[in-house]
C-alpha cells in the first residue's frame, strides 16, 4: 500500500506502510494502460520530428538546378553511371514542372542542410531546466507545434530568400532539440523501472519509422506533386501530433484525469525509491567524476557515428556502387530502418522480461544488449564492402545489421535512466551534445576519406565506423553500471518516521 503525498508541487513523496507486501502488483492489462498510450503518442511525435529533420535532404536535390546528390557533399566526383544519371535528370525535369527551382551553389546547399544543427550544442542543457520551470506537457507540446508550423512555412521562406530559410531552419533545429531532450523527463515520472526499456523503445521507434517513411514517400512526393508538399504534409502531421500531445500527455500520473487509481498507485509506488525531480540542484563535480556517466556519453558518440554514416552516406553508396537510380536508392536505403523499427520494441520487451523474471541483473542486461548492438552490426556492416559484387547480399547484410543495431537502444542508450532517473532530461541533453559532435566529425572525416579514394574510401568509412563503435563498447563494458549513482539519489525523500505532510495525504 502506498501513501501519495500531494503537498509538494514538484514531486511526489511516497512511503510504504509496514505490514504490507513489499511487492507492487502490476495492472493486469499492461498494454491497455495510460503509460503505453503516452509511449504511442511519443512514438508519433518522434516520427513527425524525424520526417521534419530529413525532409530537406529529400527535397533539396529537386529544389536546385544541376545539383548532385546532397547526401555526401565531398563525394561529388562519384556521379552515378549514365543510366542512373538519366533517371535523375528525368526526376529533376518532372519536379520543375510542379514546383519552384532555385539557383543555390553547393556551398549554400551545405549550409542549408547543416543549419538544422547549428543550435544543437546550445539548446540541450537549458531545455532540461525549462522542462522543470514550464512543465513537460506545455514545453514539449508547444515545441511540437512550433516546429510543425515552421515546416509548413519552409516553402514560403525558400521563396523569400535563402537567408530567411537558413534562419527558419536554425530556429526549427533549436526547437526540435528542446523537444527531443525534454520528453525524457516524462519517463522519470511515468516509467516503472521494470517497464522502462519497452516504453522508451516504443517511443524511440518512431524516429526510426520516420526515417523509413521519408525515404519511401519523400522522393515520390517530390516527383509527382512537387517538393513543397513534403513540408506541407509532414508539417500538418506534426500539428495533429501536437494536439494529441496536449490531450493525452500530462507531467505525472497523479495529475492525469483519465488514469485509473490502480495504475496510478502502481507507477508511483514503483518510482518511490528514485526520488523527485531535482529542480535547480546539480552535483556538477560528482557528475564530472562519474565514470558510468562518461561511459554512456562516449557510447552515444560512437553509436551515433555509425548512425550518421548510415543516413548521410548509405544512399550515395547504393547509388554509386550499385548504380541504382534516385527512387530505387531511397527505397533500398529505407530497408535497414524498417528492420530496426521492427526489432526495437521486441528488444525492449525482451530486456524487461529478463529483468522481471530475474533471469539476469539489470547491469548484465544493459551490457549484453549493448554488445549485441555493436559487435554483430560491426561485422555485418563492414562486410558490405567485400560483398558489393552481390547486390542482394549487400542489402541483406545492411538490413540485418540494422536489426541487431536496435538492441543497443535497450542497452547503453537507455542506461542514463538507470543511473540517474532524477536527472534524465539533463543527461539526455548531454548525450544530445555528444551525438551532434559525432555527426559533425563523422561527416567531415568520411567525406575526406571518400574524396581521397572513391573506391577504397568506402572500405575505410566502414572500417572506421566499426572501430569507433567497438572502442565505445569497450569503454562502456568496463565502466558502465546500472545502479542509481550516489550523486543522483534524493537526499530528502520522505520516510515512515518523517512524512512530508500527512494532513494533505490521500490514499
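For all residues, glycine too, the Cβ spot is worked out from N, Cα and C.
Bear in mind that TrEMBL entries carry predicted annotations, made automatically and left uncurated.
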According to TrEMBL, transmembrane segment applies to one of these ranges: 268-287, 368-387. Which one is it?
368-387
Where TrEMBL places transmembrane segment among the ranges 99-122, 291-314:
291-314
Of the residue ranges 58-80, 334-356, the one that TrEMBL records as transmembrane segment:
334-356
So which range, 11-34, 227-250, gets flagged transmembrane segment in TrEMBL?
227-250
Counting only pairs 6 or more apart in sequence, are there at least 3 Cβ pairs under 8 Å between the transmembrane segment (429-449) and the transmembrane segment (227-250)?
no
Taking residues 6+ outside the transmembrane segment (291-314), which of them lie with a CB under 8 Å of any CB in it?
54, 71-72, 75, 211, 333, 336, 370, 373-374, 377, 381, 398, 402, 405, 408, 412-413, 415-416, 419-420, 427, 430-431, 434-435, 437-439, 441-443, 446, 450, 461, 465, 468-469, 471-473, 475-476, 478-481, 485
Most Cβ pairs under 8 Å with the transmembrane segment (334-356), selected from 138-158, 164-187, 199-221, 227-250, 368-387:
199-221
With CB pairs under 8 Å as the measure, which of the listed stretches 138-158, 199-221, 227-250 comes out on top against the transmembrane segment (164-187)?
138-158
Segment proximity, the transmembrane segment (461-479) to the transmembrane segment (138-158), 3 or more C-beta pairs under 8 Å:
no
Restricting to the same chain and to residues at least six past its boundaries, which positions have a Cβ under 8 Å from a Cβ of the transmembrane segment (393-417)?
184, 187-188, 191, 196-197, 200-201, 204, 208, 292-293, 295-296, 299-300, 303, 306, 310, 314, 322, 332, 335-344, 347-348, 350-351, 365-374, 376-377, 380-381, 383-384, 387, 424, 427-428, 431, 476, 480, 482
Averaging the per-residue pLDDT over the domain 'Major facilitator superfamily (MFS) profile' (38-484), what integer do you get?
82
